[in-house]
Every structure is written in C-alpha cells, then in structure tokens.
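Here is what TrEMBL records for this protein:
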- 40-289: domain 'Nucleoside phosphorylase' (DOMAIN)
- 80, 124, 125, 126, 127: phosphate binding site (BINDING)
- 203, 205: substrate binding site (BINDING)
C-alpha cells in the first residue's frame, strides 16, 4: 500500500490556490505532480551551497548527470531557500534554527502533498557539535531532545502550549547504520540529538557575547547530557521530527560532529578537514539512496 502525505490541515481543501510564498511556487502557476510527482527521497540541510553540492553528488552516484552539469535552483524566484532535483531526489536548504526549518517544512510538506508523492523518506543532513565523540563522527538521531533532555517539541499555538513527539523512524535509523558499516569509512553512532534555540548560551558555550555561568557548570551540563544519551547538539531536529511525525513521513537526521564539546567550544580543525567531515553525511545518505534503488 502506498503511503501518501498526511496533511493535518482541512482548511487547505477550501483554497482555490495554494501559494508556497517562501519557495516562489504555487499550485496556480506550477504543475506539482509533473514537476515533483516522482520524488521518493528528500534531503534537507542548512546551507544552499551544500544542498547544491549534494544534488550534484547524488546525480553522479545514480548515473543521472554528467560531470560539471549545472542544476538550476527551482526556487530561484526567492532568496529564502534553494531547491534542486535530480530523478527521484529533491535537495532543499532550510537555513539555521527551528523557525527557519519550520517555515520550509510547512511548504515542503504541502508541495509533496500537492504533487501526490507517496512513500517519501526525508533526511536532514548537517553538522553539529559532538559530546564525547571524536570530531568527524557521524550521529544518526534516535530521538531529538530539548535542552532539558526531554524528547519533545514545546510550541505555543493560539496562546496554548502544545507538546509534540520528536521520535524518529527506528527502522530507518538502523538501515542507515547498516549502510555506514558497509561503507566502513568513518565512525557512526545512533544516539539522541539535543536541539537548542540558539548556538551560544543555549548550547552552554563560553565564547558568546553573553555568558553568566562558569566552565565547571558548562561541563557538568554537557556531562549530564551525555549520560542521558545525547551525542550531539544542533538547532533543527526537534521541529523536523515533530512535523514529519504528524505528516506520516519516514524521517531521519544524520549529522557529522565538527568538534567534541567536552574539549572546547570553537572549531579549530583546518578548512580541508572540515570540508571532508561535511561530506560524510552526504556519502552515507547517498549510499542509502543508491541501495534503496538497487544501484549500490
């Protein structure tokens, strides 16, 4: 049985046209089923340039593009997000932080619904700060937890607090873990990911413009996080997990760690090393897509 997008908004059926403003796309101006109906895999990440690099990488891996081929930005009518497509793979940037990825996901989920896509897998690929891991380790998220280590997203809707689950697809996480073992190129773990509301105080850094705690307090907090099962920290996974859950979409988060936060706050690895680290999630997800399509 095909699994279609579960759209949790009855009001959309009453609209003559749905304008996806931040994508510069709309049902009245674009044929969504023709443009996107064959999509099976959606990969999202913060940086537009990284998502363009990913689509070029996956095109080559799937044998769908030629070296040096340019892939047009489907969302060229806006500078909010970038979107690229090759075959059954869609690659979309989401910016930084919960508000930015939330806006993108609302419009992405509607896009997939209007395109009548089915059996969709959405994977966030990105970077993160590790806890107790060697830099360059890849973390596949089991649960996204908040800054108090609870697996939930707390949102205020119409003045009321709403709590949403942030569990991710366990089978998909295990499949990705198996893919990493088959690649055998870098350390990969499954663990909880802490999603915070900012990069500095929210993640216990000592190097922000404001810091009203000491190093001992910071280290104790990070050790508590590690003991609770947290292996990395980023700023998007909670709303990503919650919205994919509500929409009935299989989802995963795959992030590389750029540093071990128990040993410092600032990224000090050379640029070429960081570039190689950032390619690890795309290598893992690319292999997973190839294997899913029977091309590995």
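Glycine is treated like the rest: Cβ placed from N, Cα and C.
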So what sits near residue 125 (phosphate binding site) in its own chain, CB-to-CB under 8 Å and at least six residues off in sequence?
43, 44, 45, 54, 254, 255, 281, 282, 285
How many whole Å apart are the CA atoms of residue 124 (phosphate binding site) and residue 203 (substrate binding site)?
20
Using a 10 Å cut-off on Cβ-Cβ distances across all protein chains shown, tell me which of the binding-site residues (80, 124, 205) has the largest neighbour count.
124
If you draw a 10 Å sphere around the Cβ of residue 203 (substrate binding site), how many other Cβ atoms fall inside it, taking every protein chain shown into account?
23
If one looks at the chain holding residue 127 (phosphate binding site), which residues at least 6 apart in sequence have a CB under 8 angstroms from its CB?
46, 234, 255, 256, 257, 258, 277, 278
Protein Cβ atoms within 10 Å of residue 126 (phosphate binding site), excluding its own:
22
PLDDT averaged over the residues of the domain 'Nucleoside phosphorylase' (40-289):
97
What is the separation, in Å, between the Cα atoms of residue 203 (substrate binding site) and residue 126 (phosphate binding site)?
17
